[in-house]
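Heads up: the structure comes next, in structure tokens.
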Amino acid sequence: MLSNSDSKHGQKAYWCVVSGSDLWLVDGQLPLATSNELNLVAEKAQKIGSYNNHPVMWLNEADVEQSLEMHSLRECLHFPEPLFLLMSKAIQYGHMTQTMRFCPQCGGRNHLNHNQLAMQCGECRTLHYPRIFPCIIVAVRKQQHILLAQHPRHRSGMYTVIAGFVEVGETLEQCVAREVKEETGIEVTNIRYFGSQPWAFPSSMMMAFLADYHAGELKPDYSELADAKWFTSDNLPPVAPTGTIARALIEQTLLNMRSDS
């Protein structure tokens, strides 16, 4: 933890001041300054990593006296990936402190254990680490077409790939097959791992896959989706933004389609 003495000696840090899924940005950038320069209470901050040889600090907005201009983490997808991941980490730690205030085992009051970066019960001393929800996300290809779906929450008309939460007792590959079948009515094959991305909205871990169409007629589940269609590379709708693993999946699938044409 960065102390007042550190700040007085002029040590600059990146400051992730968070609230929900929002962070404090100054002129579109994460503040880089001493705690004194920013009028922040260093004793309430927690170091969560380093970037460009500077500490990266997490601080909840509730522990800041002045009014701050907060911005959604989604606005920061263009930031360098190492810094964006630390910002995501701060968001998830902030979410932990706000949603895990009481021990689920005995009902005692939790407090932040700074050494473990976990919430600890003051009564039974149980440690409660940040919750991480495993999700799959998959790009499905059918020859020279890619399957893209639109969710009701995407008011901008954006399309993306299929995603969903992993259920108890299933493998990631089973989850891929189930989610695609439930949301679109089709079956997939040749499921293969692509990569992963922490997704702090609020605490998901996205595990990405590529898959090929196997069978079935496309029938979107309109209780989950607003639309789902097959698209070729020359008639793509607006898609997920750069910096998301959804966009990386789409770009990889398009690259594979061009390579095979």
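Any Cβ shown, glycine's included, is placed from N, Cα and C.
The annotation substrate binding site is assigned in Swiss-Prot to Arg74, Tyr129, Gln197, Pro198, Trp199, Ala200, Phe201, Pro202, Ser203, Ser204, Ala246. Per Swiss-Prot, the feature Zn(2+) binding site maps to Cys103, Cys106, Cys121, Cys124. Under the heading domain 'Nudix hydrolase', Swiss-Prot lists 130-253. As annotated by Swiss-Prot, divalent metal cation 1 binding site applies to Ala163, Glu183, Glu224, with the evidence given as sequence analysis. The motif 'Nudix box' annotation in Swiss-Prot covers 164-185, and the record cites sequence analysis as its basis. Annotation comment: Swiss-Prot describes Glu179, Glu183, Glu224 as divalent metal cation 3 binding site. Look at Swiss-Prot and you will find Glu179 tagged as divalent metal cation 2 binding site.
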Neighbourhood of Arg74 (substrate binding site) by C-beta distance under 8 A, where only residues 6 or more apart in the same chain count: Ser21, Phe201, Pro241
Which of these binding-site residues is closest to Ala163 (divalent metal cation 1 binding site) if you go by CA atoms: Cys103, Cys124, Ala246? Ala246
Taking the center of the Cβ atoms of Glu179, Glu183, Glu224 at the recorded divalent metal cation 3 site, which other residues in this chain have a Cβ no more than 8 Å from that point? Ala149, Ile162, Gly164, Val180, Glu182, Thr184, Asp221, Leu225
Nearest of the binding-site residues (Glu183, Gln197, Trp199, Ser203) to Cys106 (Zn(2+) binding site), judged by Cα-Cα distance: Ser203
Alpha-carbon distance [Glu224 (divalent metal cation 1 binding site); Glu179 (divalent metal cation 3 binding site)] in Å: 11
Binding-site residues (Cys106, Cys124, Ala246), the one with most neighbouring Cβ atoms at 10 Å: Ala246
If one measures from the C-alpha of Cys103 (Zn(2+) binding site) to the C-alpha of Ala246 (substrate binding site), what distance in angstrom results, rounded to a whole number? 35
Select the most exposed residue of Trp199, Phe201, where exposure means the fewest other Cβ atoms within 10 Å, treating these as the binding-site residues. Phe201
Tell me the Cα distance separating Cys124 (Zn(2+) binding site) from Gln197 (substrate binding site), rounded to the nearest angstrom. 34
Just to verify a number: CA distance, Ala246 (substrate binding site) to Glu183 (divalent metal cation 1 binding site), in angstrom, no decimals. 17
Distance from Ser203 (substrate binding site) back to Cys124 (Zn(2+) binding site), taken between C-alpha atoms, in Å: 25
